[in-house]
Number of protein chains: 4
Amino acid sequence: MANSKFEYVKSFELPDTLLPNTWVVVRIDGRGFTKLCAKYNFEKPNDKRALDLMNAAAKAVMADLPEITIAYGISDEYSFVFHKSCTLFERRASKLVSTIVSTFTAHYIYSWSTYFPDAPLSPPLPSFDGRAVCYPSVQNLRDYMSWRQVDCHINNLYNTTFWALIQLGGVDNREAEQLLAGTVSGDKNEILFSRFHINYNNEPEMYKKGSVVFRDYELVEPGTHNAERDADALAEPLQHTKSQAEKDRKRRGKAPIVVQHLDIIKDDFWDRRPWLLSNKPGKVPKEP
Amino acid sequence: MANSKFEYVKSFELPDTLLPNTWVVVRIDGRGFTKLCAKYNFEKPNDKRALDLMNAAAKAVMADLPEITIAYGISDEYSFVFHKSCTLFERRASKLVSTIVSTFTAHYIYSWSTYFPDAPLSPPLPSFDGRAVCYPSVQNLRDYMSWRQVDCHINNLYNTTFWALIQLGGVDNREAEQLLAGTVSGDKNEILFSRFHINYNNEPEMYKKGSVVFRDYELVEPGTHNAERDADALAEPLQHTKSQAEKDRKRRGKAPIVVQHLDIIKDDFWDRRPWLLSNKPGKVPKEP
Amino acid sequence: MANSKFEYVKSFELPDTLLPNTWVVVRIDGRGFTKLCAKYNFEKPNDKRALDLMNAAAKAVMADLPEITIAYGISDEYSFVFHKSCTLFERRASKLVSTIVSTFTAHYIYSWSTYFPDAPLSPPLPSFDGRAVCYPSVQNLRDYMSWRQVDCHINNLYNTTFWALIQLGGVDNREAEQLLAGTVSGDKNEILFSRFHINYNNEPEMYKKGSVVFRDYELVEPGTHNAERDADALAEPLQHTKSQAEKDRKRRGKAPIVVQHLDIIKDDFWDRRPWLLSNKPGKVPKEP
Amino acid sequence: MANSKFEYVKSFELPDTLLPNTWVVVRIDGRGFTKLCAKYNFEKPNDKRALDLMNAAAKAVMADLPEITIAYGISDEYSFVFHKSCTLFERRASKLVSTIVSTFTAHYIYSWSTYFPDAPLSPPLPSFDGRAVCYPSVQNLRDYMSWRQVDCHINNLYNTTFWALIQLGGVDNREAEQLLAGTVSGDKNEILFSRFHINYNNEPEMYKKGSVVFRDYELVEPGTHNAERDADALAEPLQHTKSQAEKDRKRRGKAPIVVQHLDIIKDDFWDRRPWLLSNKPGKVPKEP
């Protein structure tokens, strides 16, 4: 029985290739996490278990997909960056997005009980949506990352003050909102300090800076590399020989994937980790 | 601290709206399931537990997303159909695909231990990718569904014979392949019957026909409705009043979601279930 | 000298295929025609020469591209419709749009002196832009055509009254605008009739209805065909044999291309010309 | 009479925005120019009148659209480059392509009689199609330009030799093809020189290098600017103040648009004309 009579329907699948030589960011977001937070009693303003679970899932995604260069997460969202030379799945948007979303979700559900041993999952289950965006230049990519980290800061300072007012100050949601309306950062820092003796600078780094996930190699001296210029100058997807690509893959496999809470807005982070923009694996640190 | 300096990066998010008034099929596929089958010792040619797990996840997706009209699954793939009038997520392709893939994955992982109590999951975890395809006419949509069901039949007849040769006939993979090279359905039926006394018609319906998931209402008499013509004639997304939409949603919520193994190629299936193509909820069957 | 070093740039050409089995409308619009009207002293509210020139160019486009089913023009815009089974240029949007825009422009410039013998062209020259839109069903397509014809009516009634007030009533632009603000059709008909003894119904058909361009065959009796239903039922691009396609092409070549000013909103126009929706050439009228 | 009933059809117009911060190349090609060459007896291997007409049309396009940075033409094709910061028509692909194709065609037809006074046009008229391609980096853009110029060289050397064999060597098309099969550049140079005393280097620059069209300002000393690095470093569309944009527009308007036949593969061309990559108007040369 031939299938040819119906096979014409395949021709309706239109291509969704992403422009070559651009950085691909796949950002995923929790669906309906406000309800989820309530259902499982997430702590306010930050639930360490929930963030650790997000980070564990992100690490697993990076281990599964060595083509990912770096990831950055805050709250219930995570951004995964493919190097501009990446040709995974022929750069088909739906393949890239769905694979990341699915792998992330799988690990989120799988690891839930590790981080919430006393709050077993029940339907409706946590889920995520995602989208892919292309950034042509290193500057665009870094501005994207900065945008997310500034958002982390703005939201966390607001939420920290908001929940301090409620949890420590005894006001209700509406009053807290009104007290914060129109305030700038300085005001919020002042409220925290003068009313609750909280120095915002001493808050945990994960809450203030979010989480950066990447393969860790030996740091280089700033000023000895110019990965950004090198990266922009790359005209086309790197045409490694196959054996070189295989070597790179092995070196990546050996590199530990780390989760850190660093400033990714300033140059220093990028200058000292040239492998992020160059896509050439760095030097694996020796065991001590 | 304003975020405006970096916010321009949002303008790089290009729209991916799907054409209105077309049927949207989101098909998801297991990633690397050949390895998975080996790792967890799936039975050949069909593993009932694995298919039941796929069906359970698909049912959960439909319960979460009442906008889905019908779903059809075979092996490690599932197709979910949104009615052509659907405006969920403003018909953004990446939102639709990622939401379905994520919800499906969440339930697949969550329910794994129910179906494989003796084979606990370990990384790398099962995951799925997906894509969206638009079909302009009812005929195109039905041809898509027929294409998948014919594929199910072709693959299952081949696999049933292939594994009978190996498991019952004692030949190895290569020999089985050679024996089947160039055979037509009749030949395979004959091999099954004459060599192994297997009547293919008596094989389980789920293996022969795949699984159809839909909301179940009272069947209508064939010939009393012409949903296909009605559906194609609809010029634009249905402009229900809000109260009507709310009523429809409630009626859908009450309808049981069923998994059946039926012929979806012939007209009968569609004629007797006009709600599938019309998007108007049917009559909920009375409790006996 | 090999070109291979640079040829990778071809991979940046992303596909822009239009969804199969949908009606493709390419609409072109004059660029900056307000200035053009002033420069060449177009008559108000309608310049017959300018409209005849548009129609001549549209006829030439249809003669050059037999794949076009029908075209409809008002003012400085023209819509060209490709049958949903059309596979010209593999349905690439930019090819379809640019070819129509270029052919139309070529004939507009070429024929200018025929219609404006006393107003030779000088740079900046008239030009047009264009876009392609897909419509999945016959109803969508007909609603598109109706939308344009209703627009023609609304604009022409307004403009006819507006310019009557100025040219015959002696008021200035601003006063005319104010007099018409908030009026409905009946009011404008009344102004025309009571103040200027103009019966709008007697205005030229071309101004009231716009221009329809199509291949003319023998009309059929209404009710004997149901082209709309037939068209929607077509599942896929028509798979003619090559000889049949060649015959069809010849018959189309023999059919006269006509410009008429008819109601295309009502069913009658379409019912009597089933070849428009069916894409099967009709019967060429015998010479008298 | 309201138009609202049909206006829903506008929602079928899907956006086709091009990715920001990328160089947009619109390439147009003559449609069926082989027939055209025969019909109007174009000279072989190059018809100076035809190329001059192409160049005149390209200059007119650049005068009409000051947003175009540079154009490059060979044979019956022309590439127009928009600076990566360009936001004309909100970067809608179909608007950009159709406007260029239409303006080019208008001038081609309009100026035909200037270049072919003895060969009046008759239908079917010359026409062009077009497409837009995005290039993320300066290197990609320059590689695109190099690709076209290398093509120009390869084709012209082949054609010059091919037609010398026919016109001077008295062989027929098939023999000429066979003589050239498998030859490299050196072979063709040798055939030209030894058999026909033609030194390919002395062929007209327009034929060997194609035509570059750009706004001409005072050349700068190589090495004093690094426009490429500057251009890639630009993170986003330049946010000029409106008054600055107006000044730039005026300066562009004063700059003469020139057609030259230069090497655009080597750095020198770009280094000495930093305004091409920087999008900042240069210094208008003083009148002598």
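For all residues, glycine too, the Cβ spot is worked out from N, Cα and C.
Any TrEMBL annotation is an automated prediction that lacks curation.
Marked as domain 'tRNAHis guanylyltransferase catalytic' by TrEMBL: C:6-136.
The annotation Mg(2+) 2 binding site is assigned in TrEMBL to C:Asp29, C:Asp76. Note: C:Asp29 (Mg(2+) 2 binding site) has non-local neighbours C:Asp76, C:Glu77, C:Phe128, C:Asp129, C:Gly130, i.e. same-chain residues 6+ apart with C-beta under 8 A of its own C-beta. Look at C:Asp29 (Mg(2+) 2 binding site): DSSP puts it in a strand.
Marked as Mg(2+) 1 binding site by TrEMBL: C:Asp29, C:Gly30, C:Asp76.
Under DSSP, C:Ser75 (GTP binding site) is assigned to coil, being neither helix nor strand in the three-state scheme. Taken from TrEMBL, the feature GTP binding site covers C:Ser75, C:Asp76.
The domain 'Thg1 C-terminal' annotation in TrEMBL covers C:139-266.
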Long-range Cβ environment of C:Ser75 (GTP binding site), under 8 Å and at least 6 residues apart: C:Gly30, C:Phe33, C:Cys152, C:Asn155
DSSP-derived helix, strand and coil totals, residue by residue, for the domain 'Thg1 C-terminal' (C:139-266): 77 helix, 9 strand, 42 coil
Mg(2+) 1 site, defined by C:Asp29, C:Gly30, C:Asp76: further same-chain residues with Cβ within 8 Å of the Cβ centre: C:Ile28, C:Arg31, C:Phe33, C:Ser75, C:Glu77, C:Phe128
